[in-house]
């Protein structure tokens, strides 16, 4: 290798051009300097980055703060507007649900009061079409068809002694006469009543007439009410009207009957339903009667029977209870084929395989006594504004919600609809439902039924369907004993036990004897007040309660069919009592 031109090598190991220590020191210094410069630059860069980041953050925070401030302001504005709107809505809701109804009711009462004042008859001048207006005493108007108890608290009851008043129900006048099947409806302005007057003992398939009356509630000098009869119609035209239901309507009464001169069993055995009659009786003595053919009747029903219990005037419609025999192979019969309702008393259940009990419950709708027809409940619904020109419709509830069809009553209390169904089949307890209708201008209307579980007492029944039986079986038994609810029923858990109702029961499990006034809760009787002597025979009972808003007294009229040893088999008696609630 060629020697370096920069160095002179000798044995003394010396270098040219200068000393080795100076060069090394300079190199070390340069390295340190460079490291220092790079470090300073790095630190500076980091500081710049941090500073820029902080500036960006501050800028962003300021913008976000401004945005949040703007949003907060808008939320506050919206909250103010919502609060204002809610305040207005609360005023509207209170006005519509509380103030307006009270004002309307007050105006109505004022109008009725004015009518009662100006509608008088003097010796020379009469300013009315009739001497007495068809308007109840103002003390009672506001206490009719209202729940007597609005809370769900525990209460005690006392049924007073029967009050002495003139009976508004005439009796038979011969030993072989018979008055039966009372139907009573109390409206805000007046009441309507009807019963059947049978010419040959109590065989209603032969020949009978129909007694109809209307009147008002007035206060007697004794302080308690009296049912003052203002109009009477006695329908004696050769038609054998049966099982009539009555309803109060504007200025009069509406009555739904069917006409038949054969046995009930023969009606069910046939295939063509008997004549259906709708009769309108007004305070001006006008009587209009129509033969109706409700939609869904022909081809589906072997027979259709009014429910006996009263109907209602509701939302410009006339609604009556009905029941009858559905032809199994008809359109309606096929639709209902597999439907059944089997209530259970948890305190006294029926034992056995569930599937077997369900099958027996289904078969109970087809009693052989009534030619194996499906015995079905229904409602006759008629549009009031076209009552003279259009037919009515039959609205049929699902049998998944109701027991076998039977006599019944439709109640309207505090604008809530309830339906009593006679316990004609195997179930021995009172049957009461809350109901709601869905009406349509075209097509089929519908009804929903919600059973109210009552287990406090049973009706008398015969054979295997006595009051002690709680298991499904096909039978036709029982008796009509409608209740009057004193409180609204609530589905809220824990308060249902304080649902109270009153009526007249027959205190026997097998025989129609021992009429007894009662007040009951769902599961137990609160008060029992026997009427008459032990063993007294009785039959149908219907009950209506109302309040004297002048002194807050509560009255109930229990209309009962009682045995008579003097005139006829039964005498229909209205028993008026004061009900004390504490």
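Here, residue 1 is simply the first one shown, and the rest follow in order.
The backbone N, Cα and C atoms fix where each Cβ goes, and this holds for glycine too.
Reduced to three states, the DSSP call for residue 178 (disulfide bond) is strand. If you look up Swiss-Prot, you'll see 178-202 (among others) marked as disulfide bond, on the strength of similarity to another entry.
Under the heading disulfide bond, Swiss-Prot lists 192-253 (among others), citing similarity to another entry as support. Neighbour list (residue 253 (disulfide bond), Cβ cut-off 8 Å, at least 6 residues apart, same chain): 185, 192, 194, 212, 214, 246, 247, 280, 281. In the three-state DSSP scheme, residue 253 (disulfide bond) is classed as strand.
Residues or ranges marked as disulfide bond by Swiss-Prot on the basis of similarity to another entry: 244-257 (among others). Annotation for residue 257 (disulfide bond): spatial neighbours 210, 241, 242, 243, 244, 245, 276, 277, 279, 306, criterion Cβ-Cβ under 8 Å with sequence separation of six or more.
Sequence annotations record features per position, and here Swiss-Prot assigns disulfide bond to 350-471 (among others) based on similarity to another entry. According to DSSP, residue 350 (disulfide bond) is assigned to coil rather than to any helix or strand. Same-chain residues at least 6 positions away in sequence with a Cβ under 8 Å from that of residue 350 (disulfide bond) are, in sequence order, 344, 357, 470, 471, 472.
Annotation comment: Swiss-Prot describes 382-392 (among others) as disulfide bond, evidence class similarity to another entry. The C-beta environment of residue 392 (disulfide bond), restricted to residues of the same chain at least 6 apart in sequence and closer than 8 Å, consists of 278, 292, 294, 295, 318, 380, 381, 382, 383. When secondary structure is read from DSSP and collapsed to three states, residue 392 (disulfide bond) falls in the coil class.
Take the CB of residue 465 (disulfide bond) and look out to 10 A: across all protein chains shown you find 25 other CB atoms. DSSP assigns residue 465 (disulfide bond) to a helix in the three-state reduction. The disulfide bond feature in Swiss-Prot is assigned to 465-475 (among others).
What Swiss-Prot records for 545-556 (among others) is disulfide bond, and it gives similarity to another entry as the kind of evidence. DSSP assigns residue 556 (disulfide bond) to a strand in the three-state reduction.
Per Swiss-Prot, the feature N-linked glycosylation site maps to 127 (among others).
Annotated N-linked glycosylation site per Swiss-Prot: 284 (among others), in sequence order. Under DSSP, residue 284 (N-linked glycosylation site) is assigned to coil, being neither helix nor strand in the three-state scheme.
Look at residue 329 (N-linked glycosylation site): DSSP puts it in coil. Annotation source Swiss-Prot lists N-linked glycosylation site at 329 (among others).
If you draw a 10 Å sphere around the CB of residue 400 (N-linked glycosylation site), it holds 12 other CB atoms from the protein chains shown. Residues or ranges marked as N-linked glycosylation site by Swiss-Prot: 400 (among others).
Residue environment of residue 448 (N-linked glycosylation site) contains 13 other Cβ atoms, counted within 10 Å of its Cβ in all protein chains. The annotation N-linked glycosylation site is assigned in Swiss-Prot to 448 (among others).
The DSSP secondary structure for residue 507 (N-linked glycosylation site) is coil. Taking a C-beta cut-off of under 8 angstroms and a sequence separation of 6 or more, residue 507 (N-linked glycosylation site) has the following same-chain neighbours: 513, 514, 515, 516, 528, 530. Per Swiss-Prot, the feature N-linked glycosylation site maps to 507 (among others); the stated evidence is similarity to another entry.
Mean model confidence of the region 'Involved in neuraminidase activity' (240-245) amounts to 97 (pLDDT, 0 to 100 scale). Annotation source Swiss-Prot lists region 'Involved in neuraminidase activity' at 240-245, citing similarity to another entry.
Swiss-Prot lists 180 (among others) with the feature site 'Binding to the glycan motifs of the host receptor', giving similarity to another entry as the kind of evidence.
Using a 10 Å Cβ-Cβ cutoff, residue 242 (site 'Binding to the glycan motifs of the host receptor') registers 24 neighbours. The site 'Binding to the glycan motifs of the host receptor' annotation in Swiss-Prot covers 242 (among others).
When the C-alpha distances from residue 448 (N-linked glycosylation site) to the recorded positions 178, 202, 284, 329, 407 are tabulated, the minimum falls on 407. Checked against residue 400 (N-linked glycosylation site), the recorded positions 264, 465, 475 differ in C-alpha distance, with 475 being the nearest.
When secondary structure is read from DSSP and collapsed to three states, residue 264 (site 'Binding to the glycan motifs of the host receptor') falls in the helix class. The list of residues near the region 'Involved in neuraminidase activity' (240-245) in space but at least 6 beyond its ends in sequence, with Cβ under 8 angstroms from a Cβ of it, reads 181, 183, 194, 196, 204-208, 210, 255-261, 277, 305-311, 320-321, 407. Within 10 Å of the Cβ of residue 407 (site 'Binding to the glycan motifs of the host receptor') there are 25 other Cβ atoms, across all protein chains.
The distance from the Cα of residue 556 (disulfide bond) to the Cα of residue 465 (disulfide bond) comes to 30 Å. Close to residue 512 (site 'Binding to the host receptor') in the fold, though at least 6 residues off in sequence, lie 460, 479, 506, 537, 538, 539, each with a CB less than 8 Å from its CB. Remark: of the disulfide-bonded residues 202, 556, the most isolated position is 202 (fewest other Cβ atoms within 10 Å of its Cβ).
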